[in-house]
Amino acid sequence: MDNQTEVRKFILLGLTSLQGLQKFLFMLFLLLYLSTLLGNMAIMTVVACEPRLHTPMYFFLFNLSCLDIFYSTVTVPKMLAGLLSGHQGISYTGCLSQLHFFHFLGSSEALLLAVMAYDRYVAICNPLRYTLIMSPWACLLLAAATWTTGFLHALMHTVMTSRLHFCGPNHIQHFFCDIKPVVRLACNSSQLNLNLLSIITGSIAAGTFVFTLFSYLYIFSFLQLKVQSKEGRRKAFSTCISHLTVVALLYVPVIFNYIPPSSGNSPRWDMI
């Protein structure tokens, strides 16, 4: 790989080159990042310390908070540094590492949200068998499967990107090393990389989204038809709506960014 790659450093062009806007965005994303860290660490601490929360739902919530912390940390600190200093350099190895962990944690989170939807489906629609189906061993296996699948998915993209030949230019139209803006700089054909991105990553995003959506459609129909108590329905709905909000915030941008043919999107649109 070293013998084939002349470019050893990339330049991240960032969100904007306007000085005034850079300072505003720096403060905005710094506050959001600190809120993300503090909020998720608080969730993890409470779940770990409170024995009554040692249930499948909160076990998966603990994993989700852990993923959120790492997921944000992969991109945001580098973006903040770029907003302070203008264009931000990143080494070839650092760029591949960022690309790998971004897709590793992102796909793991998508899969985990589908697992959480299944957990809610079993808890609401099949409560008598809930403790049997969602046993501690089953929860550990499901969590391990999400992290492992996400890692292998990202490893495929990282290996395929490392096989490309970069001979210049080295300016990435993004604030972090995502697959599309990086492979656009390759001197040899990157069509296979883009096809894998649309097919594999798109399938993971769309498949888990559809699974989650149908799980909740079944839950809502079950609540309307089988649960007579208004308080019982309200409690179940409140849990589901908060989860569906997270699902929408993650899946909608991912589906619009990775499923359509890559040639149809501009670098600016991908970044937004």
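Each Cβ is built from the backbone N, Cα and C atoms, and glycine gets one as well.
Bear in mind that TrEMBL entries carry predicted annotations, made automatically and left uncurated.
Across the domain 'G-protein coupled receptors family 1 profile' (39-272), the prediction's mean pLDDT works out to 87. Under the heading domain 'G-protein coupled receptors family 1 profile', TrEMBL lists 39-272.
Look at TrEMBL and you will find 24-47 (among others) tagged as transmembrane segment. Listed by sequence, the residues of this chain that lie at least six past the ends of the transmembrane segment (24-47) yet keep a Cβ under 8 A from its Cβ atoms are 15-16, 53-54, 58-59, 61-62, 65-66, 68-69, 72, 76-77, 79-80, 83-84.
Sequence annotations record features per position, and here TrEMBL assigns transmembrane segment to 59-80 (among others).
According to TrEMBL, the transmembrane segment annotation covers 100-118 (among others).
Positions annotated as transmembrane segment by TrEMBL: 130-156 (among others). Below 8 angstroms of C-beta separation, residues 56, 59-60, 63, 99-109, 111-112, 115, 119, 122-123, 196, 200-201, 204 of the same chain, each at least six residues beyond the ends of the transmembrane segment (130-156), sit close to that stretch.
With a cut-off of 8 Å between Cβ atoms, the residues of this chain six or more beyond the transmembrane segment (196-219) that come close are 103, 107, 110-111, 113-114, 117-118, 120-121, 124-125, 153, 156-157, 160, 179-180, 236, 240, 244, 247, 251, 254-255, 258-262. TrEMBL lists 196-219 (among others) with the feature transmembrane segment.
Sequence annotations record features per position, and here TrEMBL assigns transmembrane segment to 240-259 (among others).
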